[in-house]
Amino acid sequence: MLQEGAHGRWTISSSDESTEENSDGEKPSTSSLLEAARGRTSGPQYPCSDARKAAHKRKASPLKFRDEKVSTEEPPAEKQRTSQEGSGWCLSSSDEEPEDEEKYDQKETLKEEKCDVPEEHPLNIHKDDELSEDQKAEQYDETPCAAQDTWDLLNGGNSFRFFLTKVRGIEPSYNSGALHIKDILSPLFGTLVSSAQFNYCIDVAWLVRQYPQEFRKKPLLIVHGEKRESKAELLAQARPYENISFCQAKLDIAFGTHHTKMMLLLYEEGLRVVIHTSNLIADDWHQKTQGMWVSPLYPRLPRGTTGSAGESETNFKSDLISYLMAYNSPALKEWTDLIQEHDLSETRVYLLGSTPGRYQGSDKEKWGHLRLRKLLKEHASLIPAQESWPIVGQFSSIGSMGADGSKWLFPEFQESLVAAGSRATDLLKCDVPIHLVYPTVNNVRQSLEGYPAGGSLPYSIQTAQKQLWLHSYFHKWSAEVSGRSHAMPHIKTYMRLSPDFQKIAWFLVTSANLSKAAWGALEKNGTQLMIRSYELGVLFLPSAFGLDKGYFRVKGKMLPKSSDSATYFPVPYDLPPEPYGSKDQPWIWNIPYTNAPDTHGNMWVPS
C-alpha cells in the first residue's frame, strides 16, 4: 500500500497493518542475545532494540556511499534534497518484525574510514581515526580546570541544577557547565558508600568502569525491567562483580518498559539524587544531547527525627518515597528508609513519575499526564491571554497516537499541558499552538554520529504510516544555543512559552517520550488512567524559585556564569523551533537512506 503525506511517502507491506496499535514500541529484543550465545554475532552483549542493533551493525559494517551522479561539490544537505525528491520511502525486509521503539545499545566496534568528513565535525578526523568506535565513546578527557568548574557548578553556579551531558566533538566552551557520568560519580560529589542505578539499557561492565577505582566495590543496586533471556543476560554480565545486586521492576501490562533513569548516591556526607535521560551505555554519554537534574547534597537529619522533617515546599521527599514504594520491592525498602533519614528541604523541583497500573479516583492524579495537570493547576500561575502561549514538546521516540489528534493528543495530553491556576481552563484546547520537536532525516544524516544516531530515534514506519497528520506539527532539531545541533537529542523536554518565546511558564525534563505508554491514557469514560511504563522527570515552576512574575526568562546562551542565573532558564535548543520544510521528513529508523552520504560517508540500510 502506498502512503503519502506532506512530509514524505513510502511503500508499506500488508503485514505492517497488524502491528500492535497500543504499543509504544519500546519492546526489548532478545534475538541478539540468543545469537550471541550461539556465537553468530559480535553484537552488544546486553539487551537492545532492533533500532539499536541496526545502528551497531551499520557501524561495524558501514555501507559506503557510491553515487557518481551526485556532484562532489554539492554540500551534503543539498545532496539530500535533490536526490531524495520524489523518490519515496521504501520498506526494508526487516520491517516485518514487530515495532520496536527504544532499547539502547550501539556498542560500537569498528574503525571509521575517512570519507567526505565535514570540517565542522573534528571528532571524525586526525588521531581519532586510530581509535575504535567503542574506544571513542568511552574516552573522557578532563582538563586541569574541569574539577574546579564542576565544584563551582555544584555550589551555586547553576541555580536550577539542570545540566547537559558532555559531547565529544563540539566546541569545548559548550561543554563548560556540562557533566559526564564520571563527573557525577567522582569523589568530588561525595565519598560514596553505596548507590542505586535505575535504568532501561545497561552495560554492566561499562557502568562499573565509570565509578572511580576506590568506589568500584561499593554496594550497587541495579533496578531494571528485563525479563526471561534479557534478564538472564543482565545477571550474567554482573557475575564478576560481587557487590552488584538487582531489583526487577514489575511490568504486568503488555508493552510496558522500565524507562526511568535515576541515580541514588549515598555518601558519608549525605545523599544525592540524579534524575536524567541517558542509558547506562557508552554511546549515550558520547555524542548525544542528554539532560539531567542533580540534587543538592542532602544532609542526614538528627537522630530521632520523625514525621515530615526534611520535606521541601515541593513535596519532593514524600513523592520520591511514594515512587519507590510503587515498585513494591523489598530491595528498595533500604533506600526509602535512607531517604526518610535525610533532609531534602532544599529541593526546588517537583517530581513527576509514571508507574504501570490502572488508576481510579484520587490515584488517577498520582502519575502520568494527570499528575502534571494537577501540579500545574495547583502551582502554576494563571497566564494572561494564555490561549496564545504555545506548548513545546521535544522527544526521541513516538508511540501510536491514533487516527487523528482527537484520539489522545489533544483531549488528554494537551489538556494536561495547558492547565494553569486553581480553576479549570475553559478555552478550547486545540486553539493552543503545539510545536513538536523531532529530528529530520537531514538532522540525523549531518550529525556527529551520522545515520547510526538514528538507532536511538526509533520512530518506526509501522507507526508513522498510521499518523501522517501528526507530522504537520513537527519541527527540526536545532541547538546552536548549546553547540549541539549535530548531537542528536535523547533528552526529552516539555514546556509552555509566551508567544514571543522569551518567557517560560514551566519546564519539564523527563524520560517520557511522546506516547500513551509513558504518559497514560484514559479508559472507562475517563474514570481510569492506564499507564504501561515507569518514567521519571522533574518539573521546574517559577514559584518554587521565588519568581513572583510567574515565568522564567529564556536564556540566550547555554553557557554558565550569568548574573541572572536564577531568572534565565537554560533551554538546551533553539527557540522558536523551525517547522519542517516541504521536503523534510521525520527520521524513521527502519527504512533505508541510500541517496546521500552521512558525515562518515556512509548510507543507512537497517536490514
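Even glycines carry a Cβ here, placed using N, Cα and C.
Per TrEMBL, the features are as follows:
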type     : residues       : note
REGION   : 1-138          : region 'Disordered'
COMPBIAS : 94-103         : compositional bias 'Acidic residues'
BINDING  : LYS261, LYS492 : substrate binding site
ACT_SITE : HIS490         : active site, proton donor/acceptor
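Features as recorded by TrEMBL, highlighted on the structure.
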residue: LYS261; record: substrate binding site; Cβ within 10 Å: 26
residue: HIS490; record: active site, proton donor/acceptor; Cβ within 10 Å: 25
residue: LYS492; record: substrate binding site; Cβ within 10 Å: 24
Alpha-carbon distance [LYS261 (substrate binding site); HIS490 (active site, proton donor/acceptor)] in Å: 12
